[in-house]
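Everything on this sheet refers to the single structure shown next.
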Amino acid sequence: MVLIRVLANLLILQLSYAQMSSELVTGGDECNRNEHRFLVALYDPDRFLCGGTLLNEEWVLTAAHCDRRNMWIKLGMHSKTVPNEDEQRRVPKEKFFCLSTKNYTLWDKDIMLIRLDSPVSNSEHIAPLSLPSSPPSVGSVCRIMGWGTISSNKETYPNVPHCANINILDYEVCLAAYPEFVLPATSRTLCAGILEGGKDSCKGDSGGPLICNGQFQGILSWGNDVCGYILQPALYTRVFDHLDWIQRIIAGNTDATCPP
């Protein structure tokens, strides 16, 4: 377990931003089957690996650490065992990383853009998610979702995605929560969670979206091994900071590089 020491005044400050929730199950409740048309599942090759987000008919955004040689993508899925009629399967045609490499750290450049081998069509359970027009503010209530384990004590992977609401927190909270990683003073990541614990993304949710006001703001990168632990939020790659890179790659400028 990660050991943390947070000053009392920092906790009080952040509790003023955080909003209490009635959801008590780590990872939240089963998502409405119609609220995640953009959510995709990455497989490697026979086991579920990560989540991802559909940007348009040909492009998916996820975390760089989810990359595997033989991965494939399922779109339009709700239940792993009861398929939707409009589910589609694709494989990567191309993969793009920051600086044309797979180099990333716990706090920077954990982002991968995947071009599908053929376009997908919008349908009842498939549609893209909007990229952000501005960054989220501290205190924003955001939605997380995925097929990751709903308990970190005993890994339990659901057949259907679970959703929960969490808050954007000041980056200082994550600096205090993970001192052993020596995070930089500033970062292109978002710190998000519930300070009181109880709700969080978890193993298997990596690469999935953080959605604030209907816009795609973050990609789950990493968090504490004990999901939903008090005062230990997760970190998400900040999508807004990578907009130029994303848009240039999609437009055909494959030499585009991420922000420094």
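Counting starts with 1 at the first residue shown.
From the backbone N, Cα and C atoms, a Cβ is placed for every residue, glycine too.
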- Item | As recorded in Swiss-Prot, which of CYS174, CYS212 forms the disulphide with CYS191 | CYS174
- Of the residues CYS163, CYS202, CYS212, which one does Swiss-Prot pair with CYS31 through a disulfide? CYS163
- As recorded in Swiss-Prot, which of CYS227, CYS258 forms the disulphide with CYS202: CYS227
- Query: What's the CA-CA gap between CYS98 (disulfide bond) and CYS202 (disulfide bond) in angstrom, rounded?
  - Reply: 25
- Task: Could you measure between CYS50 (disulfide bond) and ASP110 (active site, charge relay system) for me? Cα positions, answer in whole angstrom.
- Result: 13
- Specify the count of other C-beta atoms within 10 Å of the C-beta of CYS212 (disulfide bond). 22
- Message: Can you tell me the CA-to-CA distance separating CYS202 (disulfide bond) and CYS174 (disulfide bond), as a whole number of Å?
- Response: 16
